[in-house]
């Protein structure tokens, strides 16, 4: 970005010699200010007002069940939130959930995108089927998986286990977080497939053919041509999915309610329980800010990797 | 011995079959939901699950009387279209001026907009809930429309920006020389040329609003609750209504699924903030 701003300044200086151009430029910047500012102002308000309220609440004692008891408590809310039994669980579960779904969707996404890149009968239909889960609303995916597929008595998985003579697994009792990871992966692998499938189409076929003529095997082509080509879209997938995966809520809300115990409670769900079930605004706000800090650390790293290439393309 | 051509044909056939198997597995839960929606509640809970059964339309016929489906569907429609319309009203001028009157701040502003998406919703849940409670926006369509507009605005601006960037500047400049005001320029020149981009942006916003399930679950109870909340109400363990759950879910997901199928290529651009085309 720094290098590109130089020639702009030069041409700007040249333009200033002509007065009509200058007035036109002033008009232009006035127009652009009037047109961009509504969006900027509402987004700024959306960020600053609630966020500063969260910061304020996090330093006072504030429980909706005990009104009139508000007072400055310093870091007490943070202390309560971080020493709560749910905090370590929530943090670990968040990391497991985000980490494993990212890994699963990138690995499967790449493999499926490459598989579908071949010519075969009904490819259009296959692509449509593959991306469909992404368009299913989270509450539907969660309940369909929980009740129709993973149910230990009448679910489809139980039937498969029975068919092979195994005892069906009671997923939500024994592997609750695993079950959630399965559901969320089912929703987000298609997103990776959609992105990477599209990116595969811009892969230079001639380069691949040339490599093949030089005696490169499919694995060498994958490592040296396909994967480097997909690095940027993979980075985009990781960035976008991280934003959404850090905020996973509906899937937990409708299937486990965070349980058993804290086994499927992530940070988002923990803060929700503090705020809307226990009405402890102070502690929930402290938790909310911790979530914001974590998301910002993730975002900072991701923007550094991906953000720059996003604008450079234009 | 196979000839080279035969080996290649065999390879294509095997890879194609593998792709079909993977696709059918991925799609299976949706297929199963559709199938279950035509079962009686007894069949839906039978063990082992049945692939063949006498289909019934009972679940669809009763869907409104049992769960007041149309009330929720109407909320989904009003909220999704309302937020999309409001979002477009804000995003089109912003994207227009960023794409055609680029200043030094444009790229920074775009990235900043993207960064507002990084703000986790739980970080602002408490204040939004309290503000909404105070001003009477809890459980109202207006409240949800406002929130959805704000959470989708960055994506809409980005998506429109990448489409507008592809329009040659000369076309708009010609209109400007003819004395068109910026408003006329947008309405008479820009919108007609970028119909495709506008339509994809509308569609993406509708899909995201329709499926949103954090704010809708937390800010609505009944009168403004959209379909995501209706489906969530089936999670209460007061009985087994899986066939009805399936029928409601099928109806709730079908329109968006079809939208998604038709616009998959254009959606890539919006969902990746223009990075993948």
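Residue 1 is the first one shown; counting continues down the chain.
Glycine is treated like the rest: Cβ placed from N, Cα and C.
Listed in TrEMBL for this protein:
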REGION    A:1-23  region 'Disordered'
COMPBIAS  A:14-23  compositional bias 'Low complexity'
TRANSMEM  A:33-59  transmembrane segment
DOMAIN    A:91-302  domain 'ABC transmembrane type-1'
TRANSMEM  A:95-116  transmembrane segment
TRANSMEM  A:128-145  transmembrane segment
TRANSMEM  A:177-199  transmembrane segment
TRANSMEM  A:234-253  transmembrane segment
TRANSMEM  A:281-303  transmembrane segment
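Two recorded stretches are said to be in contact when at least 3 C-beta pairs lie under 8 angstroms, sequence spacing 6 or more; the transmembrane segment (A:177-199) and the transmembrane segment (A:95-116) meet this definition.
Long-range contacts of the transmembrane segment (A:95-116) within the same chain: residues 123, 126-127, 130, 177, 180-181, 184-185, 188-189, 191-193, 195-197, 199-200, 222, 226-227, 230, 234, 237-238, 241-242, 245-246, 248, 266, each at least 6 residues beyond the stretch ends and with a Cβ under 8 Å from a Cβ of the stretch. Within the same chain, residues 72-75, 77-78, 281-282, 284-286, 288-289, 292 sit at least 6 positions outside the transmembrane segment (A:33-59) and bring their C-beta atoms closer than 8 Å to a C-beta of that stretch. Residues of the same chain lying 6 or more positions beyond the ends of the transmembrane segment (A:128-145) and with a Cβ under 8 Å from any Cβ of it are 112, 116, 179, 182-183, 186-191, 193-194, 197, 250-251, 254-255.
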